[in-house]
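First the structure, in the form of structure tokens, and then the observations on it.
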Amino acid sequence: MPNSLPKQSIKFSWLFKMAWRDSRKNRARLLLFISSIVLGIAALVAVYSFKDNLQKDIDAQAKELTGADLVLDSRKGVSKAMQKMLDTLGDERSQEKTFASMIYFQKGGGSRLVQMKALEGNYPYYGAIESIPLAAAKHFQSGRNALVDQTLMLQFNAKVGDSVKIGDLNFNILGTLTKAPGQTGIGASIAPTVYIPLKTLDKTNLIKTGSRINNKFYFRYNDPSKIDEWVKKQDSKLEKEGFDADTVESRKEQTGRSFKDVNRFLALSGFIALLLGCVGVGSAIHVYIQEKLSAIATLRCLGLKSRHAFLIYLIQVFFIGLIAAVLGAALGTGIQFLLPLVLKDFLPVEITMQVSWPAVGQGLLLGLIISILFALPSLLSVRRISPLNAIRISFEKATGKRDPLTWLVYLLMAVFITAFTHLQMKTWIQTLAFTASIAIAFVLLIILSKLLMFLVRKLLPNSSSYLWRQGFANLYRPNNQTLMLTVSIGLSTAFICTLFFVQGILMSRVTLSSGANQPNMVMFDIQNTQKEGLDSLTKAFKLPLMNRVPVITMRIEEINGKKASADTNNRRAYRNEIRATYQDTLTAAEKITAGKWTGKIKPNETVYISLDQRYAQQIHVELNDKILFNVQGMMIPTVVGSLREVNWSRMQTNFRVVFPAGVLEEAPQFHVLMTRVPSGEVSARFQGEVVQKFPNVSVIDLDLVLKLLDELLSKIGFVIQFMAGFSMVTGWIVLISSVLTSKNQRIKESILLRTMGASRKQILAINAIEYFFLGAFAAGAGLILAISGSWALAKFTFDAAFVPPFVPTLLLFASIVLLVVITGVLSTRSILNQPPLKILRTES
Amino acid sequence: MESILNIRNVSKIYQSAGRELTVLDNINFSITAGSTVAITGPSGSGKTTLLGLCAGLDRASSGTVELNGIALEKLNEDERAAIRNQYVGFIFQNFQLLPTLTALENVMVPLELRGAKNIRAHALELLDKVGLADRSHHYPVQLSGGEQQRVSLARAFSNQPAILFADEPTGNLDAETSEKVIKLLFDLNKDAGTTLIIVTHDLELAARTARSIKIKGGVIISDENPTYA
Ligand SMILES: Nc1ncnc2c1ncn2[C@@H]1O[C@H](COP(=O)(O)OP(=O)(O)OP(=O)(O)O)[C@@H](O)[C@H]1O
Ligand SMILES: [Mg+2]
């Protein structure tokens with residue numbers, strides 16, 4: 001008789017065969033479990049594909065975006081030496097001056113601030129200025145012609161051939177501008193463009209003191225290959241002259257970069273949907289393994305090793321995960337075609353959508369990793385199922401202490417989430433903030449759901465009716481899914497509500513500033529000589545003079561005796577042009593936070609200036625530091641006398657640098673005037689009059705700006721909602737899958753109740769009560785998270801107060817609860833409709 | 001004759017709610033290869049627990065269990081699984097057929113685990129012996145309780161075990177079906193020459209074994225027709 005240890009050799013192929021057999025009759029259900037991650041993967045694949053295609057299109061269309069091989073631009077004037085150099089560059093040259101100015105439509109009498117582009121030369125060399133009629137873009141430079149953006153043409157009901165007044169000159173509208181090179185839909189509606197010939201600019205008399213002009217020089221090269229090298233070599237010289245260089249290459253990078261944030265947001269929203277799905281997968285697999293307990297124990301009795309039992313289920317999860325990943329990737333590849341539609345107003349290039357295989361590959365990999373990782377805690381427990389379970393009627397709990405491998409898996413999950421987040425984020429701080437907030441939300445929801453179960457069990461009054469007691473009891477019975485559902489419903493509610501609230505905060509910040517006594521019209525570029533005239537015109541319209549301040553442009557020459565060249569870490573401080581003012585008293589929006597405010601000084605006294613404290617921080621300056629300002633050629637030494645806190649959300653002119661009265665009165669300056677117009681009609685009349693009498697004065701109608709912002713925000717809001725939709729639907733799928741997961745248990749219960757004489761109505765009522773409380777609690781918990789998160793965001797990021805909008809919040813809450821109840825009750829009905837006998841047989 | 005199962009000073013103590021519960025107290029016996037044994041006793045006396053220990057499903061708190069000359073307590077769970085697959089067969093009160101496998105596949109599993117050859121033919125032959133050849137492609141839910149237990153008999157004998165454990169094999173069956181299953185069990189056993197250990201309440205069933213061990217409160221109270229000295 002043999003009494004040595006038998007050798008057992010299990011072929012890997014048998015494990016596959018067994019996995020296949022074991023999954024029989026469960027495949028549809030497994031697929032449903034895994035379907036919770038399909039949408040998350042789809043969202044990510046769509047975002048990745050979009051990113052890929054966008055980058056490809058940017059690369060392909062960068063020449064058209066730039067319009068030239070080299071673009072040099074400066075907001076400062078052009079020095080003689082620089083002009084000499086500009087005249088020798090390239091094989092073909094164009095020049096453009098861009099500035100804000102008013103346009104006045106003679107026929108309708110409307111006027112509006114626009115982005116004026118005075119152009120000379122054959123720019124763009126690649127792509128085209130698109131206009132209707134087509135030829136207009138080619139010929140407008142031949143005379144006093146203008147190309148006017150289509151949004152303006154629409155707004156003022158203007159036609160080609162109409163006349164517009166720009167500055168002191170009348171122009172003939174030669175064509176409607178449909179697309180300027182590199183302009184996005186949003187850009188065009190916020191700052192509509194008007195092209196005029198550069199040679200007419202002088203006669204418009206628009207260029208006055210303080211006008212902010214962007215000088216652009218476009219160059220075409222017969223051989224553009226050496227340009228980037230040239231730019232690199234000239235870098236310091238260009239910087240000294242205040243010039244920025246743009247090439248096709250740099251434009252590619254820059255455009256790609258500006259979309260990184262958008263892509264980051266899209267990817268993170270997709271990731272949140274995926275995480276929600278993971279919660280669903282994890283818990284569904286848990287229930288699945290629970291149901292398999294007896295079969296696993298039997299196999300173990302028959303001599304299956306624990307490792308092999310584990311592998312059988314790992315194989316199942318692997319293939320189901322693969323299927324989910326393939327489905328997700330396919331769906332995502334489809335959805336990517338929607339993204340350009342959603343984002344069309346923000347895109348500078350035309351998107352040619354095609355399948356991105358790297359994105360599909362990423363999606364597949366992600367789907368697999370995620371489904372296995374989140375199934376692993378349950379899969380690992382398979383190893384610990386004792387064969388004893390086959391002979392014991394009452395199943396033993398898996399033995400006592402936690403498997404150390406489970407901890408490893410949890411660690412892996414944390415690492416995975418952090419690593420993935422880091423791929424989307426710029427910095428580790430952002431990564432940690434994001435992962436931490438998700439973790440905190442998770443933990444809070446877990447605690448809340450435990451609390452719910454505890455409270456229901458403790459506080460459930462015995463006197464309440466049977467239906468209520470049973471409904472409540474369902475929330476904490478063994479194998480309940482209260483925890484899982486609270487987490488998934490709560491998290492998706494929290495996510496969606498936070499997005500909704502943040503959108504609201506942004507909106508209220510904008511609308512707040514347009515309150516009843518706040519100015520709603522700003523006029524700037526007012527020359528010294530126009531000051532009195534404009535004042536009296538305003539008064540003649542019975543409008544209040546609300547805030548009139550001088551503005552002087554200057555640059556920092558030295559900080560504590562150091563010039564820009566010696567202060568390399570602080571270049572920006574010297575580079576940017578500063579708009580400063582002088583005043584003898586503080587305004588209501590300003591508060592001194594350090595030092596002493598000096599309102600007025602006499603000649604030859606030390607000039608104590610006041611800085612906005614955030615700005616002081618930015619340029620690394622403290623109290624009593626010495627700053628030498630270059631005020632258009634004149635050097636003025638100053639000492640930082642005080643720091644101010646400025647409430648920027650107040651609608652008024654605010655300045656980073658404030659001088660005391662008595663220094664800058666004679667410096668070249670322009671003025672800003674604010675007023676409040678009572679109606680759109682008065683606004684139009686007043687603007688018309690201002691443009692006629694003071695053509696160089698720019699008027700901003702804040703109501704129009706607000707309307708545009710509103711439009712912009714609702715467009716952004718649409719993108720946000722589109723992405724949040726993924727989480728919402730995922731949360732819903734998780735709900736359905738978990739309701740169906742607990743179906744077996746519910747079937748037994750409902751049969752038991754029915755045999756004891758409960759009517760179908762009563763059973764439905766019990767379930768409705770259960771889901772109502774579950775939904776209400778989970779959604780409530782999510783709302784609380786969202787409100788506290790939004791409050792924190794409002795306070796610390798947006799510097800605003802946050803009050804959740806009562807009615808929309810309530811509506812949101814109610815619809816989530818309703819959705820939960822309907823889903824729960826509907827799936828219970830399908831159970832009730834089955835004949836009890838059939839159920840008994842499938843139960844064995 | 002050689003003994004296939006040796007139980008020496010075996011005790012099983014459960015810790016429950018901080019108290020020690022002695023379920024088996026210093027059990028000793030030895031079973032000759034090829035014999036048939038019934039273990040009887042009142043509910044809760046520790047029969048199932050004892051069976052689990054003998055079959056290597058669980059570890060004793062103290063004492064040694066020697067199966068086919070191999071001391072089980074020295075082995076880890078996977079090694080004991082290999083022992084079960086090689087030497088042990090099981091019949092359960094609630095059949096424990098794998099619900100997602102057909103009758104034939106259920107019978108094949110122990111052989112597949114062993115990596116044997118000609119599995120299918122052998123399994124069909126066994127199904128034929130239990131009279132279910134025509135139901136080989138049916139799933140357990142499509143079979144009656146008696147049929148399921150017959151499939152599980154075929155499964156238990158499929159790997160030609162040295163020793164077969166049955167825990168209340170007729171517990172879930174009516175008298176008539178029980179009779180059929182018992183007859184089948186003993187017939188198959190005779191053919192295969194397997195050692196058979198049956199835990200049962202059924203005195204009629206117990207009477208058909210060569211030896212009968214009675215336990216009560218975790219100790220052996222009688223051991224009739226003991227075949228060892
Ligand atoms: N895991 C456990 N923890 C604590 N006590 C246990 C455990 N398993 C079994 N017992 C106890 O051990 C005792 C013997 O159980 P066992 O199942 O062996 O009895 P049995 O003789 O098979 O009874 P029956 O004829 O009813 O099947 C019982 O009192 C039972 O409550
Ligand atoms: Mg028992």
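The backbone N, Cα and C atoms fix where each Cβ goes, glycine too.
Taken from TrEMBL as is:
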TRANSMEM  A:30-50  transmembrane segment
DOMAIN    A:31-229  domain 'MacB-like periplasmic core'
TRANSMEM  A:265-289  transmembrane segment
DOMAIN    A:270-387  domain 'ABC3 transporter permease C-terminal'
TRANSMEM  A:310-339  transmembrane segment
TRANSMEM  A:359-383  transmembrane segment
TRANSMEM  A:404-422  transmembrane segment
TRANSMEM  A:428-448  transmembrane segment
TRANSMEM  A:483-506  transmembrane segment
TRANSMEM  A:718-742  transmembrane segment
DOMAIN    A:722-836  domain 'ABC3 transporter permease C-terminal'
TRANSMEM  A:763-794  transmembrane segment
TRANSMEM  A:806-826  transmembrane segment
- For the transmembrane segment (A:428-448) and the transmembrane segment (A:359-383), decide whether they are in contact, meaning at least 3 CB pairs lie under 8 A, counting pairs 6 or more apart in sequence. no
- Tell me, roughly as an integer, the mean pLDDT over the domain 'MacB-like periplasmic core' (A:31-229). 88
- When you check the transmembrane segment (A:806-826) against the transmembrane segment (A:718-742), do you get at least 3 Cβ pairs under 8 Å, counting only pairs 6 or more apart in sequence? yes
- Surrounding residues of the transmembrane segment (A:483-506) on its own chain - C-beta under 8 Å, 6+ positions past either end: 272, 275-276, 279-280, 283, 441-442, 445-446, 448-450, 452-453, 713, 716-717, 720-721, 724, 727-728, 730-731, 734-735, 738, 774-775, 777-779, 781-783, 785-787, 789-790, 793-794, 798, 800, 802, 804-805, 808-809, 812, 816, 820
- Other same-chain positions with a Cβ less than 8 Å from the transmembrane segment (A:359-383) and lying at least 6 residues past its termini are 34, 37, 40-42, 44-45, 48-49, 51-52, 274, 277-279, 281-282, 285-286, 288-289, 292, 296, 306-307, 309-310, 313-314, 317-318, 320-322, 324-326, 328-329, 332-333, 336, 398, 403, 405-406, 409-410, 412-413, 416, 420
- Query: Where DSSP helix means H, G or I and strand means E or B, what are the helix, strand and coil counts for the domain 'ABC3 transporter permease C-terminal' (A:722-836)?
  - Reply: 98 helix, 0 strand, 17 coil
- Query: Near the transmembrane segment (A:310-339), which same-chain residues lie under 8 Å Cβ to Cβ, leaving out any that are not at least 6 residues past its ends?
  - Reply: 15-16, 18-19, 22-23, 27, 30-31, 33-35, 37-50, 53, 266, 285, 289, 292, 353, 355-356, 359-360, 363-368, 370-372, 375, 379-380, 382-383, 722
